[in-house]
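A quick write-up on the structure given underneath.
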Amino acid sequence: MNVSNFEDAFNNSSKSGFFGPSMTKFQWDSKQTLSLQLTIGATAVACPWIIFLNMLVILAIKKVRELQKNSNILIANLAVTDLLVGTVSMPLSIAMDALILRGTVPRSTIYLMGEIGLSVMITLYITSYHHLLLIAWERYVAIVKWTEYKVLVTEGRIKKYTLIAWMDSVTKVALYRALVFAKVPQEVLLVMNLAINFSWLTETLTVVYFYRMIYIEVRRQNRCQISTLSALIKAKMERKLAYTAFLLLIAALICCFPILVVMTSVSYSPVFRTYLALRWAYIGIQLNSLANPVLYFYRNKRYRKALLQMIGLEKTQEIERVDPKGRCARQNRCTVELVDPEGALSLKRSYSFPKQTLGPRSTRVSKTTTTERKISAPCLTIIESLQSGTWYGDGDGMTQIE
């Protein structure tokens, strides 16, 4: 299809709008130069941050072994989608706004770039929403059906579902564009729009169901007492990840709210019939790719530590330490320090004597060799017990710690 045919298809059908025939009601006004300049400035400021932060998320998950879990792998896939928004979708939007400001470019060129940019943006947003569904599903299995987690959530299944998410998004957008350029009747486009909107609504209700079940399970766990410390820590981590995923969903819904308002109000208010109203709504969708990595680093301390380690501001903890005398000593994770180390008395060496040394069953002590050994004592937090002295005895003898 050449440029002239593209312009005819745009003017005579539905202006190739992804959201259906209502796109014909938008007016392209190049006189409002200030608003167009503001859209270019806002997009240009957000674009490098989107690229930078999402690249950091991807590198952190790739390089830090403790972050290479199923939940973080899904977040990395979402970060790849957001990275494409910053590298492809937003530059196309800036280029189109610049062409409109220039005013000398043929309308067909602007329409062509607009269709390409809109198709890319909608494809990436649908893919991001599919990834939010996968993240909600993974959290649902991890908390509600945790006994079946290793069976249901596997690396191969995650890759397969990610591929399906991309294929579904590309197929929907490509099929809709093909129907528009083929000049099919408006009824067909309306049916296609209804099918797309119904699938989006079904997906949203599924995500809401997952988080509702997670909320019910979390409340049940809070009422029950978890016996082991490790299970308690793991449960808190799973709940924190689920809450972070829920915040990602809320951010996605907030960012798509402006476009929903514009598309539903375009038939009733002339304010929403301009290109600028549509353009600012698109910026809201694109800013979702900036909100996601901000939530990652804000909610997860491991991401922040990985970021500091990558830029060299924080070093990994060493296993060994060096004492003041220059000797290497391995740190014991179970070491308990005294409450008042300055006032604590040093433990002296003491000898082990057999029980009833002076009795008839006294044990013979060698005169040539005298053996002494150190007595290990537990670390005490009460200094008075050290000062008073304590006797410890067993079946064979008594030992005093002075």
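Along the chain as shown, residues are numbered 1 onward.
Glycine residues also receive a Cβ, built from the backbone N, Cα and C atoms like all the rest.
Remember, TrEMBL labels are computer predictions, not curated facts.
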Exercise for the section: For the transmembrane segment entry in TrEMBL, name the matching range from 73-96, 169-192. Expected result: 73-96
Exercise for the section: Pop the mean pLDDT for the domain 'G-protein coupled receptors family 1 profile' (53-296) in here, whole number is fine. Expected result: 86
Completion exercise
Sequence-distant residues near the transmembrane segment (73-96) by C-beta distance (under 8 Å, 6 or more away from its ends) are 39-40, 43-44, 46-48, 50-51, 54-55, 57-58, 61-62, 110, 113-114, 116-117, 120-121, 124, 127-128, 131-132, 134-135, 138, 155, 158, 162, 248, 279, 282-283, 286, 288-290, 292-293, 296
Completion exercise
Outside the transmembrane segment (280-298), at least 6 residues beyond either end, the same-chain residues with a Cβ under 8 Å of its Cβ set are 39, 42-43, 46, 49-50, 53-54, 56-57, 75, 78-79, 81-83, 85-86, 89-90, 93, 118, 121, 125, 128, 244, 247-248, 251-252, 255-259, 261-262, 304, 307
Problem - Residue numbers, six or more beyond the limits of the transmembrane segment (116-140), whose CB comes under 8 Å of its CB atoms - result: 17-18, 70-71, 74-75, 77-78, 81-82, 84-85, 88-89, 92-93, 95-96, 153, 158, 161-162, 165-166, 168-170, 172-173, 177, 200, 203, 206-207, 210-211, 213-214, 238, 241-242, 245-246, 248-249, 252, 256, 282, 285-286, 288-289, 292
